[in-house]
Amino acid sequence: MSDYKPFSPKQAARFADLHSDLFGDHSQLKAEEFGDGNLNLVFRVKNNRSSSLIVKQALPYARCVGESWPLTLDRARIEAQVLQQHGKICPDHVVEVYHFDQDLAAILMEDLHQYEIARTALIQGKSFPLLAQHIAHYLAQVLFHTSDFVMTGPVKKARQQQFSNPELCLITEDLFFTDPYSNHERNNINPTILPEAQKLWLDTELQAEVAQLKADFLSKPQALLHGDMHSGSIFVNADSTKVIDAEFGFFGPIGFDCGSFIGNLLLCTLAQTGLTKDPATAQSRQTYLKDQIQQFWQGFAAEFSQLMQQETADTSFQNSLYQQRFLQQVWQDSLGYAGCELIRRTVGLAHVADLEKIADPAQKANAETAALTLGRQLILQRTSLGLEQLLDLI
Ligand SMILES: Nc1ncnc2c1ncn2[C@@H]1O[C@H](COP(=O)(O)OP(=O)(O)O)[C@@H](O)[C@H]1O
Ligand SMILES: CSC[C@H]1O[C@H](OP(=O)(O)O)[C@H](O)[C@@H]1O
């Protein structure tokens, strides 16, 4: 990594110009850094005719914490290659990567300026009828086509090596499965709900189930995951949906991606009574979000089943009883990981705007407590809950 240095806006513009012919020879380029994520620099580079590109560059540390949290630059390679791999399988729903430079840990990609980040738009009360269907299609396609149903053992093992992502996985292992269940210094707990958080530290029944989910995260390489499928990793508009930010990608349990998506829709649902003053509006938003959860799982399950039936290459896995059991296990895992997402986003290091934007302190504490309660129920009851029961629990 000898050439590596964090870009200035000017250097980001030069990088974009060098690796794309979008701007033409004599364009006047302007660049600004506008990233709002936890980890990286993101620049928008524009010319004087309104063409634009995005340059994303990894820093040698986590942006949200600073240099005291060193982090591998290899995450830029993982992000570029997961997006490229997923983009080959499902180009409609993956941001296009134009160029990746390993030495500079920098990615040049499509500017999705005609889209909005799903989390922000959903908090603002906007509805996207196709969001859940699109994510269901994306996840069914990319997870099926990178699984043992399709890949031979040797090919999958080579891919597992390519996507070995120990440092970023460790962040998830710590933030999802360890910190919230102890008095960890990284936790970020609203003092009003401290007694609720403290219950988690003593709840050995819950901790045993979280340990199982963590063990599966560590040792169930079912498919090449996106790895961070929250609503801040999704760009959306009325007719299209694109996934970004795949630096946490690795071969892991399919239910982790499904559960992250469901968990973030649940967080938004629980935040509604605090986000909007009008109870009727809150109720109609909750109905929309619950409907999206339903459409997501029904769409994912239907498409994944069809792929298993029609496109499974390995003869052992063509057994239909095995396929039904596999999908049922993915559902149970998804509920468990959704529960972990609810809990870690409420009392762990990285919170979400859905809860943080609730202005009234009592309403905020109520929504946070509801997230902890529902998270616990999903983890403990994941083997017995069906889709209808999940929706009734909310
Ligand atoms: N391809 C893109 N087009 C437009 N904006 C983007 C694009 N990629 C990232 N962004 C913007 O940068 C922000 C941070 O990007 P993200 O990939 O989430 O960074 P991080 O890895 O630091 O979390 C996004 O919320 C979005 O506003
Ligand atoms: C210190 S990383 C915390 C948190 O941030 C990541 O999300 P993003 O990069 O999209 O903001 C990921 O969810 C990590 O768990």
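Cβ coordinates are placed from backbone N, Cα and C, and glycine is handled just like the others.
Automatic prediction, not curation, is the source of TrEMBL annotations.
As recorded in TrEMBL, the features of this protein are as follows:
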| type | residues | note |
| --- | --- | --- |
| BINDING | N40, K56, E110, D111, L112, D245, A246, E247 | ATP binding site |
| BINDING | D228, R344 | substrate binding site |
| DOMAIN | 31-265 | domain 'Aminoglycoside phosphotransferase' |
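Of all the binding-site residues in the list N40, K56, L112, A246, the shortest Cα-Cα distance to D228 (substrate binding site) is found for A246.
Mapped onto three states, the DSSP output places D245 (ATP binding site) in coil. The average pLDDT computed for the domain 'Aminoglycoside phosphotransferase' (31-265) is 97.
When the binding-site residues D228, A246, R344 are checked against ligand 1, none has a Cβ within less than 6 Å of one of its atoms.
Here the Cα atom of L112 (ATP binding site) is found 29 Å from that of R344 (substrate binding site). Neighbour density at the Cβ, taken as the number of other Cβ atoms within 10 Å, is lowest among the binding-site residues D245, E247 for D245. The candidate set comprises the binding-site residues E110, D111, D228. Of these, D228 has the most other Cβ atoms within 10 Å. Spatially close to K56 (ATP binding site) yet at least six residues away along the chain are G35, N40, L41, V42, F43, A76, E79, A106, I107, M109, judged by Cβ distances under 8 angstroms.
Scoring each of the binding-site residues (L112, A246) by how many neighbouring Cβ atoms lie within 10 Å, the top position goes to A246. Among the binding-site residues K56, D111, L112, not one has its Cβ under 6 Å from an atom of ligand 2. In the three-state DSSP reading, R344 (substrate binding site) counts as helix. Note: the Cα of D111 (ATP binding site) and the Cα of R344 (substrate binding site) are spaced 31 Å from each other. Neighbour counts of Cβ atoms within 10 Å were compared for the binding-site residues N40, R344, and the top value is held by R344. Mapped onto three states, the DSSP output places D111 (ATP binding site) in coil.
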